[in-house]
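What follows is a single structure, written as structure tokens, with notes after it.
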Ligand code: PGA
């Protein structure tokens, strides 16, 4: 059966020392309060990855992830970081397809399909993000948009490879806005995604896939969101920058 996961996405926040302090606090709190999500992932800027992975060593519950990786194996791509490099410092996950990458860096479904292949080939588990904009929702396009993001981004994978993925439904209108999808809206899309996965990969794969919700998820709304049958955890932006808030979200599974 699928695992429940709470993943933090620090985005481009925290200098090196601030990141280490926050992570140490999170590690201690998560250890002291051993209930809640089965797995906790912290997706930090590249500069923190190695140190965080060292701090988390031997901790079976807390893993580290990056927020992006290049699609090429290596080469003349000044300023970029490869999946192999990320893996080599001890990270396990990589966020791919976050709406901020799609919007500000022009990442398309086709590019994300390549990034997914390269991440998997190097032993990283993608947290693959999908979700509609407000305009798309208002036009009644949300189901189609999500279906296309899946088809073009990940459906080229065979079932074994697909099983390495975590999906995250993040309605763009809910990210960083303080406007959360209602638990009914989120559950509706999560159930739709699982039904799509069942049609493509079979019921077993669909049942085993962890689907996170992201978008203004906080300690207050997490319990209701996570109580939905098809919501298996959260991808947390703003609230992952405070150890108490983040840990309370981790605990929201009880
Ligand atoms: P938010 O961000 O929790 O600050 O809305 C979520 C995300 O972008 O992953």
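The backbone N, Cα and C atoms fix where each Cβ goes, glycine too.
Annotated substrate-binding residues in TrEMBL are 9, 10, 11, 176, 237, 238, and among 24, 51, 63, 216 the one listed with them is 216. Across the structure, residue 238 (substrate binding site) and residue 170 (active site, proton acceptor) are spaced 14 Å apart at their Cα atoms. Taking a C-beta cut-off of under 8 angstroms and a sequence separation of 6 or more, residue 170 (active site, proton acceptor) has the following same-chain neighbours: 98, 99, 129, 130, 131, 213, 214, 215, 235.
Highest local Cβ density among the binding-site residues 176, 237, 238 belongs to 237, counted as other Cβ atoms within 10 Å over all protein chains shown. All protein chains included, residue 10 (substrate binding site) registers 21 other Cβ atoms within 10 Å of its own Cβ.
Spread of the substrate binding residues is 14 Å (greatest Cα-Cα distance among 9, 10, 11, 176, 216, 237, 238).
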